[in-house]
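> Okay, these came from Swiss-Prot:
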- 168, 170, 171, 172: ATP binding site (BINDING)
- 1-84: region 'Domain I, interacts with DnaA modulators' (REGION)
- 84-123: region 'Domain II' (REGION)
- 124-340: region 'Domain III, AAA+ region' (REGION)
- 341-460: region 'Domain IV, binds dsDNA' (REGION)
């Protein structure tokens, strides 16, 4: 009875949570009765703590609504429920000790000059990129959580893991952190990280050297394959064909795949639909530009690593003006530190204004959300107040969605920051608006023309 109630509760949670949250935190749970107590089994401590902290009230409330005083007690545990049938052992484990004939290590690419059985993987997982030095915030929290679980259980629930977002937001850092985590747990694991262009280059070399079979065996024998910037596969038909079969072979063997891109999988032009579909089989997570608090934390961490005492007010000054990505922040701080070391002057706000004069001047010329809202309101002849209101009529909602999409494209603000600027809306509302307008620009000539006109107005 209580287990059946849990199935109903799952339905409620699926309605209330985003698809991403449900897939990451609720789907992995297993339920079983132990006397008058319903035990929820989580795959690891991280999921257990998260569900207990974030969702316990929703679960208990649902049980009380359905059964009143007869609602079961709730307990959490780690592992699989005792009655769960033991799975048949996979032909190849998620992280396995390789064949003695093949030296296992961390690899970068296929070598066409050696027989595949003797191919030696050169280490290219950067040991400096760890979970411990990845600064976490709302913008990347889900991405880090998913990466941690993959490192702990490669080939498990989130396979493939697809991370997408703009340049310099930490996607590559997470790839290396997962690789380091897997190797720490199993030093013999064969982990391959590469840029998508390297995969293409390796395939071309294999074709030139009549070594395509060795190429296939190499890539299909790894324990974990991480490919950065998958969007560069666009319009490379033969590479997509080979990757399609490699992808299928690795997933069938429960080997972990992580992919990154600068855009949502279905928005990658020039990539076959069958690949886009497979990219979404596991878990897809957006990595957004960091919010103010995270930008400050990144600056303080970087300064600490450099042995510099960065005043709080200086960190906030820089973080409020540079919003686009982590690399830009770190580059600006490096320039400040270099100038301070060269001149011997203390790091103050006035000193930072001088050291970053050209960079700050460029930022001040950028389009703001306020300008976008006013321009769109004037264009569609609606009130500025409507842009922030809760009104849902199409005459107001569509311009609001256009303004949100323009804000994402033309500013450095994160989705949560854009949502706040539109009357405190949730970041998922902004994401929906961006996807809706992208779709309408393909389907509606009027929306496409409106959007282009607004871009020209705002950029002039």
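Keep in mind that glycine also has a Cβ here, set from the backbone N, Cα and C atoms.
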> Using DSSP, tally how many residues of the region 'Domain IV, binds dsDNA' (341-460) sit in helix, strand and coil.
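The composition, in the requested order, is 91 helix, 0 strand, 29 coil.
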> Inside 10 Å of the Cβ of residue 172 (ATP binding site), count up the other Cβ atoms and send me the figure.
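So the number of other Cβ atoms within 10 Å of residue 172 (ATP binding site) is 19.
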> On average, what pLDDT score does this prediction assign to the region 'Domain I, interacts with DnaA modulators' (1-84)?
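Average per-residue pLDDT within the region 'Domain I, interacts with DnaA modulators' (1-84): 80.
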> Let me check the 10 A CB neighbour count of residue 168 (ATP binding site). How many other CB atoms are there?
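Excluding its own Cβ, residue 168 (ATP binding site) sees 17 Cβ atoms within 10 Å.
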> List, in sequence order, the same-chain residues at least six positions removed whose CB sits under 8 Å from that of residue 170 (ATP binding site)?
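In sequence order, 134, 140, 143, 287, 326 meet the Cβ cut-off.
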> Tell me the Cβ contacts of residue 171 (ATP binding site) under 8 Å, same chain only and six or more apart in sequence, or just say none.
143, 163, 164, 165, 228, 260, 287
> Take the region 'Domain I, interacts with DnaA modulators' (1-84) and count its residues per DSSP category (helix H/G/I, strand E/B, coil), listing them in that order.
48 helix, 17 strand, 19 coil
> Which residues, in sequence order, are found in the same chain with Cβ within 8 Å of the centroid defined by the Cβ atoms of 168, 170, 171, 172 at the ATP site, excluding those residues themselves?
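Once 168, 170, 171, 172 are set aside, the remaining close residues are 165, 167, 169, 173, 174, 260, 287, 325, 326.
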